[in-house]
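Engineer: Have a look at this one before I ask anything.
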Amino acid sequence: MKVTFEELKGAFYRVLRSRNIAEDTADECAEMFARTTESGVYSHGVNRFPRFIQQLDNGDIIPDAKPQRVTSLGAIEQWDAQRAIGNLTAKKMMDRAIELASDHGIGLVALRNANHWMRGGSYGWQAAEKGYIGICWTNSIAVMPPWGAKECRIGTNPLIVAIPSTPITMVDMSMSMFSYGMLEVNRLAGRELPVDGGFDDNGQLTKEPGVIEKNRRILPMGYWKGSGLSIVLDMIATLLSNGSSVAEVTQENSDEYGVSQIFIAIEVDKLIDGATRDAKLQRIMDFITTAERADDNVAIRLPGHEFTKLLDDNRRHGITIDDSVWAKIQAL
């Protein structure tokens, strides 16, 4: 089915207000969920909203909590999220990293005791739109086996790197081949994954999203490389924030909350003039996109460039929502 942005935001707002969330908080949160969905990231927008409400109802998320700065060391700050709403807090933290970068050239905010930030790419994009390089990542509850294991002991720990090119170039990637949200998107659409995304119950690689969702044997991106990167990202976020590691979140909490996150902004214009920056970025993009195609019918992709078209399509033709997901939201 198709809905307008206003209908989608209104549905989110209704549910949030029914939980006695303050009007301004409900409006900003509903706006972020709707913008994420409108941008084509359904897995962490509309599809994720019922799970967000479940955690809100369970008390994992404290909607009126106010993040507090704990430590300030010039370009580096440490904050405690106080388990406030994840996407609103993450937006504020990237804004703060940008403020620090405007003073120091680089700004880093390390956040502890946070909630799921929904679409991590929103915060990298937020920095790049203002002309900054944006880098951020989060740890999570253990939802992926480390390379060589069957049990989930590491997080998918998504990493975002956004570059202020025209259009914005951005990598927004889980340390698994697919996030659990993308497994759900493909299952709901009745599709196999385009490449292997995990292991079946017999330990064989599989493209069946439902099998992987059930047995939780998701495949690390790049096999042992994604596993290793997940581990070091967790270590850095834990140390810089003085917050909880994947192990602590998994063993000490009843669900995924109290995670640790990093937000970095770099003001490129302090290092290079705008015309030179644009020329260098354009040369990189042209060099890549003019390569001989492996398939004449498949364009060479630059990361993040597809979001401009997705956003335009959804604004022109309406936002496609899975019927079953919409029914869940209407029932909340």
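Each residue, glycine too, has its Cβ placed from N, Cα and C.
Okay, so Swiss-Prot annotates it like this:
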- HIS44: active site, proton donor (ACT_SITE)
- ILE168, THR169, MET170, VAL171, ASP172, MET173, SER174, TRP224, LYS225, GLY304, HIS305, GLU306: NAD(+) binding site (BINDING)
Engineer: Other Cβ atoms within 10 Å is the metric here; tell me which of the recorded positions HIS44, HIS305 scores highest.
Structural biologist: HIS44
Engineer: Counting other Cβ atoms within 10 Å of each residue's Cβ, which of the binding-site residues ILE168, MET170, ASP172, LYS225 comes out lowest?
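Structural biologist: Result for the binding-site residues ILE168, MET170, ASP172, LYS225: minimum number of other Cβ atoms within 10 Å at LYS225.
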Engineer: Look up HIS44 (active site, proton donor) in the DSSP assignment and reduce it to helix, strand or coil.
Structural biologist: helix
Engineer: For SER174 (NAD(+) binding site), which residues in the same chain are close in space, meaning a Cβ under 8 Å from its Cβ, but six or more apart along the sequence?
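Structural biologist: Non-local contacts for SER174 (NAD(+) binding site): THR156, ASN157, PRO158, MET221.
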Engineer: List which of the binding-site residues ILE168, LYS225, HIS305 have their Cα within 10 Å of the Cα of the residue listed as 'active site, proton donor', in sequence order.
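Structural biologist: So the list reads none.
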Engineer: Grab the NAD(+) binding residues from the record (ILE168, THR169, MET170, VAL171, ASP172, MET173, SER174, TRP224, LYS225, GLY304, HIS305, GLU306) and give me their largest CA-CA distance in Å.
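Structural biologist: Taking every pair of listed residues, the largest Cα separation comes to 30 Å.
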